[in-house]
Amino acid sequence: MHKDNDSGSGSNPGQVSNYLIVRPHRGGYIDLFRYGVRDDQTSKAKFLEMPDNREWSTITIDEEAEDHRWVIVVSILVRKIIRLLRTPMEFTGFVVDFFLNLFSANGGFFGLLLRLIQAKVVIPERGSVTFVSTIGQLDGRISLYKEWNFVEHLEGIDSVDSGRVKIELGSRGLMDLCVMASKLAYENAKVVENVVDLHWKMNLVEFLDCWNDYQKQMSTQVFVFTDKQKDANLIVISFRGTEPFDADDWGTDFDYSWYEVPNVGKLHMGFLEAMGLGNRDDTTTFHYNLFEQTSSEEENSKKNLLDMVERSAYYAVRVILKRLLSEHENARFVVTGHSLGGALAILFPTLLVLNEETEIMKRLLGVYTFGQPRIGNREVGLFMKAQLNQPVDRYFRVVYCNDIVPRLPYDDKTFLYKHFGLCLFYDSFYNETKAEDEPDPNPYGLRYKILGHVIAVWELVRGLTMGYTHGPDYKEGWFRILFRLMGLVIPGLSDHCMTDYVNSVRLGPDNELQMSSL
């Protein structure tokens, strides 16, 4: 659970960096009103924390930025509401998961009634190979794109040192593998193993539950698999995204806190914490965990670093990846994820570059994210573009229609969160557009709301007819239709569902994006 430590950022000695922490629970609603309406500085100081030696001039760009404080107010208000609803959300998720699996295990509602009469009801067991997450219930597809021969596309690749061997790995086939891996990341370890090994005929290497020191729980999940057990050509790393009923995950998406890394830029603090790289209650932990200490004065910290490998998502995945790249000399790796998982997917190579893992980065084939929130400011984008997208694009950010999450945190003059990389935008007809950013990057205004509701109505109609127009693989069940009805109330929420991302990849045009082994 999230905890706000009133002691602030800690008193441990160490590197002092620039940061901004939004603490929504240190002030009340009256303080929020005073800050939002009157720009009261006392109230502002309760919600926004920065280093003692910094001034607000280092945080904002100009005076006009103060006019955008309503964005901060809305963020604080949303996070207050999310925290208030944490327990009801957790309970609702528990009940929804149980009954959805109860229905599916007993042949639906009427099948359950029949089994009740016969006293043969099957009770679902959490963590079992048959217990499917809410995301899996919304979209039950597990098979890969049937027309793509995965092995043939990779066996023709020479070793990574053979030069610029261009291959069509931006095609629908690899995108489909990534989007399905991103969807599968929401499942428990047994379901993941069953799908990867038995259905995809590939090789699951590891499923990890990793530590988030701020939340004080194993709340970051990631799994790693290869296309085959021996002489693999491809390694895939898939991070779990925002779970529908996890208040902490949604709070992270709406968090505006950042930590500035010298010569890199400002990185989203919540995503760094999800990677197990620090705790905002002691900001010195970010510097310590971001930079592996090698000086003689810090030799005693090796034990702590080894402990971090066991608990931190970044270090744990890096250790596994190094071993796999050593075992499979011709293999390259792809990182993927949906929502929060997408943010962690692009943050992972960013951290590799930061730690000067040059040899690993040479083996990076690409990064695919789906519905990913912004992870940092413009400086981060400029820093990573040179590493990922030159001379060819290796980072592809997929956005479906009015999905609200890729538009968070807001790109405003106070926080300066910016996307980077090539955006593959799909509209409600699954038409693809390549651009630097999605339309309406900051979703507010009457026009956006009206258009959002109109599109939500069309998506509901389309969902009811997809099974007839595109075949049984695209038929949407009652639970997905119910979720589309929610889109009529909150446009953009339903669009974040994995269903439309899978449909976009499979029904959109064949992509001719080229990636190189570099």
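Glycine residues also receive a Cβ, built from the backbone N, Cα and C atoms like all the rest.
Feature annotations, reproduced from Swiss-Prot:
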- Ser339: active site, nucleophile (ACT_SITE)
- Asp403: active site, charge relay system (ACT_SITE)
- His496: active site, charge relay system (ACT_SITE)
- 337-341: motif 'GXSXG' (MOTIF)
- 93-113: transmembrane segment (TRANSMEM)
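Cα to Cα, His496 (active site, charge relay system) and Asp403 (active site, charge relay system) are separated by 5 Å. Distance from the CA of the residue listed as 'active site, nucleophile' to the CA of Asp403 (active site, charge relay system) is 10 Å. Around the Cβ of the residue listed as 'active site, nucleophile', a 10 Å sphere holds 30 further Cβ atoms from the protein chains shown. Secondary structure of the motif 'GXSXG' (337-341) per DSSP, as helix, strand and coil residue counts: 2 helix, 2 strand, 1 coil. His496 (active site, charge relay system) counts 25 other C-beta atoms within 10 Å of its own C-beta, drawing on all protein chains shown.
In the predicted structure, the motif 'GXSXG' (337-341) carries a mean pLDDT of 97.
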